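> Handing you this structure, nothing more for now.
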Amino acid sequence: MYEIPLFTLNGTDVLLTFYIDGAGLVFLSFVLAISSSVVLFSGSYMKEDFFVTRFTLLVLLFVMSMGLLIISLNMISILLGWDGLGVVSYILVVYYQNEKSNAAGMITALTNRLGDAAILLTIGLLVESGSWNFMFCVEDLLPDSMWYAGLLVVLASITKSAQMPFSAWLPAAMSAPTPVSALVHSSTLVTAGVYLMIRFNPLLQASGAMWALSTIAFLTTFMASTSALWECDLKKIVALSTLSQLGVMVMTLSMGFPLLALFHLLTHATFKALLFMCSGKIIHTLGDTQDIRGMGGLLNSLPLTAAFFNLANFALCGFPFMAGFYSKDLLVESVLSGDANIFNISLMCLMVGLSSAYSVRLTFLSLINAPSLHVVTSVSEEDKLVSGAYIMLGVLATTSGAVLSWMLLPTPAMITLPPLLKLLAVGLMATGAAAGAPISASLKVKYILFKEFFMNMWLLPNISSASPSKGGFNMNTVVSSLDLGWAELIGGKGSYALFTSLSSYLPKGVYTTTLSFQLLGGLIIVLLATLIL
């Protein structure tokens, strides 16, 4: 632990406290490893960009903010990293400077500002304990303050991790360049909220916020999974898969397994970054086409990218002995052997199965189906930067699950269950894959309202962004029309005309009497003021 004193305010020392423990060190190592692969990939992806140096510096500043958040022990230093992530993410989302990017950056910034406000209010509440150190806040807070602090931490975390009803900004942030998406969706911005809840887990348990987290997590995962089953935009499908897995992490945390939530967060970061890199390469190959209905046959034209894309998808499904298998299998077994009720067990099994369904659909439509494009751009895969980034993340996506299960968890992490329950995780993966195959084979537009509902994330973008803005513009039109019509008649001109017409009925003596009373009243007020002073 290392402390930097800033000043003392009303008997409270304001410190910047940095603390490195096992969990923080492992997370920071993964962030740096994934960031190095992303910077390597961006050297090829952004080589034709005129401001590539500025882009690289922004990415490094983004990683520094995440590192500051990871090693921070109190809320003051956490706020510095938290705000750094928010500001730099806005700059990166609006990097291409067009109307769509500006709109996406605005909804991203405004949503994350709610979390910033919650962090500031939490800092104010923790003054009661005499310290902003989250290790000791549970012991020193009053019950009411603890409840409010837990609520504010949950609000800050779900805005940053895009849980419902704040999920609309995450797919909108796809306007940023693909290397930024690979970094944001794997180990930095969206995982910051989950990491904050893991750090504040004792406070959340003491405040009784776990039931609310469980409900939010299930709704987020179910919404993201069903939307990914109907979506046709490649990058948006990968973004929705991130949203789904974030819900799984929060659900795991709400069931009382913070270490398992961190385990799944780390394994997910490896294959999700690889999945985004491969998606960016595929989109470049097809002339910036993101519609998966126009893809197919990429195993022949992009064999290396297709191989690593499949590897990342298998890890996402939880294929045996890939990175995602170790975290999901241990998660299912822990829920089955714990004190969770049948409802929570069913929800967790549904979450695991749905992730296999949309992954298999993505693989079928983009790689295995017959090519449906008339023109396929021929792109060489001999780029050493891209190949190096693929190999680094491919090794992590294959081995990180086994390595982390030895390093992060108590050894041996063995749970004794009947054989059928022991094979449940593999069975859920196979069931989800079997359900995803027929969905991918059916591309006909049926039940258009049903598909519109799911493809638009249960209409969340309309509710959280489009409706308020449209309401404001419509109100502007209404007020302008009223100002030219009824408001003018009822307001200034109408009142003037009304009182002018009424005054014509009053006799002249009334004017004289009224003026006399006004002068007399003014004289009395002046005399009273003189006597008082």
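Each Cβ is built from the backbone N, Cα and C atoms, and glycine gets one as well.
Keep in mind that what you see is a predicted model, and the values were worked out from it rather than measured.
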> Scan 117-135, 269-287 against TrEMBL and say which stretch is down as transmembrane segment.
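Result: 117-135 is the stretch TrEMBL calls transmembrane segment.
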> Can you count helix, strand and coil residues in the domain 'NADH-Ubiquinone oxidoreductase (complex I) chain 5 N-terminal' (8-55) using DSSP?
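Output for the domain 'NADH-Ubiquinone oxidoreductase (complex I) chain 5 N-terminal' (8-55) reads 28 helix, 9 strand, 11 coil.
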> If you count every Cβ pair below 8 Å, which range out of 117-135, 180-198, 237-266, 304-326, 347-368 shares the most with the transmembrane segment (55-73)?
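Selected stretch: 180-198, with the most Cβ pairs under 8 Å.
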> Cβ under 8 Å, sequence separation of at least 6 from the ends of the transmembrane segment (304-326): give me the contacting residues as numbers and ranges.
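241, 245, 263, 267-268, 270-272, 274-275, 277-279, 281-282, 285, 298, 352, 355-356, 359-360, 362-363, 366-367, 381, 387, 390, 393-394, 396-402, 404-405, 425-426, 428-429, 432-433.
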> Six or more residues beyond either end and a Cβ under 8 Å away: which residues meet both conditions relative to the transmembrane segment (20-43)?
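The answer is 52, 55-56, 59-60, 63, 66-67, 70-71, 177, 179, 182-183, 186-188, 195, 198, 259, 262, 265-266, 269-270, 273, 277, 280, 385-386, 388-389, 392-393, 396, 400, 404, 407-408.
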> Pairs of Cβ atoms less than 8 Å apart decide it: which stretch in 180-198, 237-266, 388-409 has the most with the transmembrane segment (210-230)?
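When the Cβ pairs under 8 Å are tallied, 237-266 comes out ahead.
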> Let me spell it out: take the transmembrane segment (388-409), skip the flanking residues so only those 6+ beyond its ends count, and list any with a Cβ under 8 Å from a Cβ in it.
22-23, 26, 30, 33-34, 36-38, 40-41, 259, 262-263, 266-267, 270-271, 273-274, 277-278, 304-305, 308, 311-312, 315, 321-327, 330
